[in-house]
Amino acid sequence: MAAIKDENNDHLVQSDNPEHPSNLIPALCRNFYSHGWVTGTGGGASIKRDNHIFIAPSGVQKELIQPHDIFVLQYPTPKYPPSARQYIRKPVELKPSACTPLFLAAFDRGAGCCIHTHSQWAVLVTLLVEREKGPEGCFEISNIEQIKGIPRGKGKGMLGFFDTLKIPIIENTAFEEDLTSSLEEAMEKYPDTYAVLVRRHGIYVWGDDVAKAKTQCESLDYLFQLAVEMHKLGLPWVKS
């Protein structure tokens, strides 16, 4: 088992700077709760700063998270087994996030922040894609202005109005951590993606930094909601 230097290593999460990860994560979670993305303790967020990973805890009402609730991991750290992960701060009586290995997969791709939501719009589009395209289909949409808020890929700029945004979809599992291999396979198959949908569950979104991850998550949720409404009206998501 990895050694823990100090379970109460509080200086890592104490800062007056609102941009510090231990302050940003609670602020993000409150924001996401207001959108209905992290209700019932679901969802989460993680930020990488230098060689530290800051992660929201599991099983905690996300709108009530405080800086002292944040877990801190040394990075890099093994995804598996959980006992090998190098926590340098573990809040007493709180559980590490079950999303941890999935967040680590995003950080291994160079992300600075990863967000997981249980957005209803994300769940609905996974069901619509399954019905229309089958279980192997991905979400696609084009000719919508908000697509410009999503990157083409690392160092490739942003998508344009006439481009087709593609987001892969993976199947849900009984346990969150068991999604990791499917998530990594989707990342390999779609190397330019900054998000992966999980059918009947939600979405993982990552970005180069906190602001990009947040705005990309917002843009995607807008597009998912729009796609559901377009479907009701019989409008195609991809313009021919």
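Glycine is no exception: its Cβ is also placed from the backbone N, Cα and C atoms.
These figures come from a predicted structure and were not determined experimentally.
The record from Swiss-Prot ties HIS116, HIS118 to Zn(2+), and of the options HIS11, HIS20, HIS201, HIS231 it ties HIS201 to that site too. The Zn(2+) site is defined by HIS116, HIS118, HIS201, and by the 8 Å test on Cβ atoms against their centroid, the other residues of the chain that qualify are GLY42, GLY43, THR117, SER119, ALA122, VAL198, GLY202, ILE203, TYR204. Under the three-state DSSP scheme, GLU145 (active site, proton donor/acceptor) falls in the helix class. HIS116 (Zn(2+) binding site) and GLU145 (active site, proton donor/acceptor) have their C-alpha atoms 24 Å apart, to the nearest angstrom. HIS201 (Zn(2+) binding site) falls outside any helix or strand according to DSSP and counts as coil. HIS118 (Zn(2+) binding site) and CYS99 (substrate binding site) are 12 Å apart (CA-CA, integer value). For HIS118 (Zn(2+) binding site) paired with GLU145 (active site, proton donor/acceptor), the C-alpha to C-alpha distance reads 24 Å.
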